[in-house]
Amino acid sequence: MPDTASDDALVLYGQRFASRLLLGTARYPSPSVLEAAVRRARPAMVTASLRRQGSNPAEAGSGFWELLRRLDVPVLPNTAGCHSIQEAVTTAQMAREVFGTPWIKLELIGDDYTLQPDTLNLVEAASQLVRDGFHVLPYCTEDLVLCQRLVDVGCQAVMPWAAPIGTGRGPVNPYALRTLRERLDVPLLVDAGLGLPSHACQVMEWGYDGVLLNTAVALAQDPVAMAGAFADAVQAGRTARQAGAMSAQDAAQPSTPVLGTPFWHHDHG
């Protein structure tokens, strides 16, 4: 949620947020569960798509939009389901009119099986939206060159995946994700592929600025409890990063220093 005081706020496009967790709103078993999960997680933003099919009772009809307003959490519209630059740009423009916000999570799908982003067209779509005044948060792979190009065209934050959407596998390419953190100075948020709170904690320990979740919470046996677990994990990972973890060692080192000879070994004769 928006933050005005915290010294460790998440800052995106000049706006401060108290939470470093962003939460998706799809696939929850009911509107009441969705509402309770959002209230438990207290996310910075919740994502929503204009291209809803209405097959899920938690997502169908005007009640869903009423729920979003009632939650009083900033909405991050997305372009889910778009396969072309023009489709994504048009959807973003419609979302700006509906929600009255310049924020957009840019999704441009290149493969329907893996839901992998169309990296060839993603940069051009982002460039057009940035020029049109949008605060673009692009969903992308962990490819360093792609992410750098997105920054070059004006994206002030980038959202690489940990694994394909909905797989819950956690970070499948830790080396690439850590390289991104070392090379890019903009905020980085992991979007997609996290399945466990420990996954979220791990990427936060690597120095990521936040995470965006949906399926891992919505499809949990207890989505509300899982929302809270992820919120706690994100904060724990952030705190650990700031605290500065010890370096891994190859050899064992005693945690209690031993000085001199134990008293029971002294010669009392």
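Placed from the backbone N, Cα and C atoms, the Cβ positions cover glycine too.
Annotated active site, schiff-base intermediate with DXP per Swiss-Prot: Lys105, in sequence order. The 1-deoxy-D-xylulose 5-phosphate binding site annotation in Swiss-Prot covers Gly166, Ala192, Gly193, Asn214, Thr215 and is backed by sequence analysis. Taken from Swiss-Prot, the feature region 'Disordered' applies to 245-269.
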Study note, to complete from the structure: Most isolated by CB count within 10 A, of the binding-site residues Asn214, Thr215, is Thr215
Check your understanding: If you measure Asn214 (1-deoxy-D-xylulose 5-phosphate binding site) to Lys105 (active site, schiff-base intermediate with DXP) at Cα, how many Å is it?
Key -> 14
Practice item. Across all the protein chains here, work out how many other Cβ atoms are within 10 Å of the Cβ of Lys105 (active site, schiff-base intermediate with DXP). Key: 25
**Study point:** Other C-beta atoms that fall within 10 angstroms of the C-beta of Gly166 (1-deoxy-D-xylulose 5-phosphate binding site)
**Key:** 16
**Study point:** Between Thr215 (1-deoxy-D-xylulose 5-phosphate binding site) and the residue listed as 'active site, schiff-base intermediate with DXP', the C-alpha gap once rounded to whole angstrom
**Key:** 17
Review point. Nearest to the residue listed as 'active site, schiff-base intermediate with DXP' by Cα distance: which of the binding-site residues Gly166, Ala192, Gly193 is it?
Key: Ala192
Exercise for review: Compute the mean position of the Cβ atoms of Gly166, Ala192, Gly193, Asn214, Thr215, which form the recorded 1-deoxy-D-xylulose 5-phosphate site, and then list in sequence order the other residues of that chain whose Cβ is within 8 Å of it.
Suggested key: Gly24, Ala163, Pro164, Ile165, Thr167, Gly168, Leu194, Leu213, Ala216
Practice item. Please compare the binding-site residues Ala192, Gly193 by how many other CB atoms fall within 10 Å of each one's CB, and tell me which has the fewest. Key: Gly193
**Study point:** Maximal Cα-Cα distance (Å) across residues annotated as binding 1-deoxy-D-xylulose 5-phosphate, namely Gly166, Ala192, Gly193, Asn214, Thr215
**Key:** 9
